[in-house]
Amino acid sequence: MAAFVGLPLRSVPMLLLLLLLVVAGTARGETLYGPEDSVTILNKESVARAVFNSSSAWLLEFYSSWCGHCINYAPTWKALARDVRDWEPAIKIGVLDCAEEDNYGACKDFGVTLYPTFRFFKAFTKEFTQGENYKAVGDREIQTVRQVIIDFLQTSPAESKPQAWPSLEPISSSEISSLLTPKQSHYTAIIFESEESYEGREVILDLIQYSNIVVRRALPSDKPILEKLGIGSVPSCYLIQPNGLHGLINDVKSIRSQLSLHLKALSNVRKLLPSETAHSGLSKGVQQEDTTMNQFDRSKLYMTDLESGLHYILRAELANHHTLEGEKLKTFKDFVTILYKLFPGRPHVMKLLETLQEWLVSMPLDTIPYDAILDLVNNKMRISGIFLTNHTQWVGCRGSKSNLRGYPCSLWKLFHSLTVQAAVKPDALANTAFEAEPRAVLQTMRRYIREFFGCRECAKHFEAMAKETVDSVKTPDQAILWLWRKHNVVNNRLSGAPSEDPKFPKVQWPTSDLCSACHSQTGGVHSWNEDEVLAFLKRYYGNQEISLEFADPRKDLSEAATDNGNKEPHFTKKPQERDYVKKQNPQFLDKLVQKKPEKSLDSEAAESSQSVSFLGIGFSNIDMSLCVILYVTSSLFLMIMFFFFRFRSKRWKVRYNRPFV
């Protein structure tokens, strides 16, 4: 307060307001890319305006800021963007973070299910398209990606090539001869190289934004012209000056790295215009450390971490799949069954899982649109007592920056909890396909990660790890310890990696402050007391130890009364509406329910329990409709049978009472 001494009293509120703004600014979410990088940072609103009907092609990286492989690859992608920033009139490099909740719908509409995903978009694209997948035979290193970019540009149709684009095709010997005779107003550099070489085309694109110079490439197929110009080997560069002088450039050893700089340094060669700012109004701001992180007890498991992870799974990761079929559908059904039977959730979440599981069992379909599942998850049928938080709120899984920890941490905690619940509730999976199967949770986790987990490299690592030893698990307790061991293996592998949170280092867990009895020393060598570890894991992930702190049920009830978690927009596919706007999801389940006029949120929330819960037993509108249909059908059937037998009985009476003559 001493800082305010001597200030006019009316100035203090203004200073406090400025202080709040500064604090709010430091708490902004991080992404892997910032305005200092040479990439265009896109979001749900800007991606359509940038990509479609653009005069340049685009190469986009769809990534997730929590994905370890994306974090590791970010420096390479930044270096690529810097390396080809002069190519912007031909192609631009962009990124879109699919971990941002506002971008869920965008990534779904572009069909992104794995991270990172790379897509090419042609110039002058008018209709909505999901782009062309990056196809690299080898790696994703800078040189490889540059060559794939050139192949994409060179094979683009004529209507996707602006007149300003340079020609990447080789010129003929006659064209070379015509360039040697008259004086020209600009420099002409001819790069002789083999047909499979990319260096000449890279230099052409490097000089695309520079005036007073034209760069072409030629093949060494015409021996006489090579002898005439004194070219003895390739690659070589022949420079024709505006004054008519021409000759080989001999002081350049490497075509791409040095020749581009040499040509840019020629007299009167100037850059036409500075590159457009790639991120004006698009970037999220410079990454800063989140100093407002809640203080939490590391010895506790928080329900909000589990429910936030479940929200992300059902509304983001799985929602990226437009339909579920085959092995994906089977995996999803088994995953929901495991959740319904073992998830240590609160009643309203468990009722949602129960409803979802029963609905899936009752659907004898080989293909299910995920929008139908979303309608149920978002409780479009307004079944009372069903809701799931519609946002992520990390507590024990919160990192020092918003792109660290989060969902992967929550997924580990979720499956640790499920393995413990399977052990302490041995009859929970009775009368299911997993009855008496000690590896039920592990195999379901393995299949889920293989089919749905967004980080493809992480999924490959886990699959390789599970393939080796998971079959050795014979009891539920062994399943608990197997997952604990493998989690520590992953922690050891990722220790010191770019994806590691410096405030939460990857260590062998549980640490001695959480469970001193779990650790022992034999001859100065550390070892685990696995009996104590097992007991600790059962306590830590048991129902009694899950903290409901930060999980306010009243807050969740207010969410259920509004939109039940349905807040993700969808992409409008019409060319004239290429922005992300608020639209209702396809109401697959609502087609069976009579539409009601819109009401205020207060009246809607007040009526929801009355209109849905019939006689207190939780019948939905669909249930009531089916009951009415069954009642009417049964009544009609009974009436038909009544008249049928009555008619027959009359015929019998007439026959028996007929007088004999």
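Placed from the backbone N, Cα and C atoms, the Cβ positions cover glycine too.
Annotated signal peptide per Swiss-Prot: 1-29, in sequence order, evidence recorded as sequence analysis.
Following the DSSP three-state reduction, the secondary structure of Asn53 (N-linked glycosylation site) is coil. Residue environment of Asn53 (N-linked glycosylation site) contains 14 other Cβ atoms, counted within 10 Å of its Cβ in all protein chains. According to Swiss-Prot, the N-linked glycosylation site annotation covers Asn53 (among others), on the basis of sequence analysis.
The disulfide bond annotation in Swiss-Prot covers Cys67-Cys70 (among others). In this view, Cys67 (disulfide bond) is surrounded by 26 other Cβ atoms within 10 Å of its Cβ, with every protein chain counted.
As annotated by Swiss-Prot, active site, nucleophile applies to Cys67 (among others), with the evidence given as similarity to another entry. Secondary structure at Cys67 (disulfide bond), as computed by DSSP, is coil.
Within 10 Å of the C-beta of Cys70 (disulfide bond) there are 30 other C-beta atoms, taking all protein chains into account. The annotation active site, nucleophile is assigned in Swiss-Prot to Cys70 (among others) on the grounds of similarity to another entry.
Positions annotated as disulfide bond by Swiss-Prot: Cys98-Cys107 (among others). Around Cys98 (disulfide bond), taking its Cβ as the centre, 27 other Cβ atoms fall within 10 Å, counting all chains.
Secondary structure at Asn390 (N-linked glycosylation site), taken from DSSP and collapsed to helix, strand or coil, is coil. The N-linked glycosylation site annotation in Swiss-Prot covers Asn390 (among others) and rests on sequence analysis.
Sequence-distant neighbours of Cys409 (disulfide bond) (same chain, six or more apart, CB under 8 Å from its CB) are Asp305, Trp394, Gly396, Cys397, Gly399, listed in sequence order. Sequence annotations record features per position, and here Swiss-Prot assigns disulfide bond to Cys397-Cys409 (among others).
Under the heading domain 'ERV/ALR sulfhydryl oxidase', Swiss-Prot lists 400-509, citing sequence analysis as support.
What Swiss-Prot records for Arg405, Trp412, His416, Glu457, His461, 484-491, Lys506, Trp509 is FAD binding site, and it gives similarity to another entry as the kind of evidence. Under DSSP, Asn491 (FAD binding site) is assigned to a helix (H, G or I) in the three-state scheme.
Feature annotation from Swiss-Prot assigns disulfide bond to Cys455-Cys458 (among others). Taking a C-beta cut-off of under 8 Å and a sequence gap of six or more, Cys455 (disulfide bond) has these contacts in its own chain: Ser64, Cys67, Gly68, His69, Cys70, Leu114, Tyr115, Pro408.
Under the heading disulfide bond, Swiss-Prot lists Cys515-Cys518 (among others). Its own atom aside, the Cβ of Cys518 (disulfide bond) has 21 Cβ atoms within 10 angstroms in the protein chains shown. In the three-state DSSP classification, Cys518 (disulfide bond) falls within a helix.
If you look up Swiss-Prot, you'll see 625-645 marked as transmembrane segment, on the strength of sequence analysis.
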Residue among recorded positions Cys107, His461, Arg485, Asn491, Trp509 with Cα closest to the Cα of Cys515 (disulfide bond): Trp509
Neighbour count (Cβ, 10 Å) for Val489 (FAD binding site): 13
Of the recorded positions listed as Cys107, Asn390, Cys458, Cys518, the one whose CA lies nearest the CA of Arg485 (FAD binding site): Cys518
Sequence-distant neighbours of His416 (FAD binding site) in its chain (C-beta under 8 A, six or more apart): Ile480, Leu483, Trp484, His487, Leu537, Tyr541
Alpha-carbon spacing, Trp509 (FAD binding site) to Cys107 (disulfide bond), which is rounded to whole Å: 35
Counts by DSSP class (helix H/G/I, strand E/B, coil) across the domain 'ERV/ALR sulfhydryl oxidase' (400-509): 66 helix, 4 strand, 40 coil
Minimum Cα separation from Asn53 (N-linked glycosylation site), reported as the residue among disulfide-bonded residues Cys98, Cys107, Cys458, Cys518 that achieves it: Cys107
Asn390 (N-linked glycosylation site): tally of other CB atoms within 10 A of its CB: 20
Candidate binding-site residues Arg405, His461, Val489, Asn491, pick with smallest Cα gap to Cys98 (disulfide bond): Arg405
